[in-house]
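K.L.:
Here Swiss-Prot flags 1-45 as transit peptide, drawing on sequence analysis. What Swiss-Prot records for 61-216 is region 'Serine protease'. Sequence annotations record features per position, and here Swiss-Prot assigns active site, charge relay system to H99, D130, S208 based on sequence analysis.
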Amino acid sequence: MLFRSVHHIVARFSNSTSTPIHRFFYSPSLLRRRSSFNASLISRCCSSVSDVDVARDAVVKIFSFSREPNVVQPWQTTEKEYSSSGFAISGRRILTNAHVVGDHLYLQVRKHGSPTKYKAEVKAFRYGCDLAILGIDSEEFWEDINPLELGGIPFIGETVYALGYPRGGDTISVTKGIVTRVEPQKYSHSSIKMYVYTSGGSTNKFYSGQINKKIYDGR
């Protein structure tokens, strides 16, 4: 959305092994529908420019391939490619939006600064909070990737950085903003009310799955 204030969906998760993933997510086969809503994920990060550079290396570009019917000749289908963003978390996993992967034939993921694409699989999935976890079975992919830690929630007036892949671009973008509003709003996929953050500042039109980073103690 090309508004000065862009809405960002908030999701809180724990990296603790005592909290099983299945408590938050459903199987990928339960819900499969696509949405044009560009959602975002909130986590905390570190304060210096060098720390933002480290965080940038954890952000990946996701390529989703699907088949869509021809409206004129519905017996024919066409393969479509979509791209979005995600980021590495603990356990060799990628966190992104559910609507990014909800109707895919196959997925590929590319690291920042690399031309190589790696096959990815959906490991956990839930439209209620519009989040999905991907797995990548490649030792090479996980080399030199420092996963991000999911931390607390930023407050109004605090600085955040939006990292992702804007539409029409193939390189990662970093945008600085200020949290200007926090309020519950309906998610476009489930119509469930959850907290949504508004950040002010100059923003690009981001692909889904981007990360917004609060500057705080390496999270």
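Residue numbering: from 1, along the chain as shown.
Positions of Cβ are set from backbone N, Cα and C atoms, glycine also.
What you are looking at is a predicted structure, and each value in this text was computed from that prediction instead of being measured.
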K.L.:
Looking only at the region 'Serine protease' (61-216), what is the model's average confidence as pLDDT?
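P.N.:
Average per-residue pLDDT within the region 'Serine protease' (61-216): 82.
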K.L.:
Across all the protein chains here, work out how many other Cβ atoms are within 10 Å of the Cβ of D130 (active site, charge relay system).
P.N.:
27
K.L.:
Three states by DSSP: which one describes D130 (active site, charge relay system)?
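P.N.:
Note: D130 (active site, charge relay system) is coil by DSSP, not helix or strand.
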K.L.:
Tally every other Cβ atom lying within 10 Å of the Cβ atom of H99 (active site, charge relay system).
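P.N.:
That number is 27.
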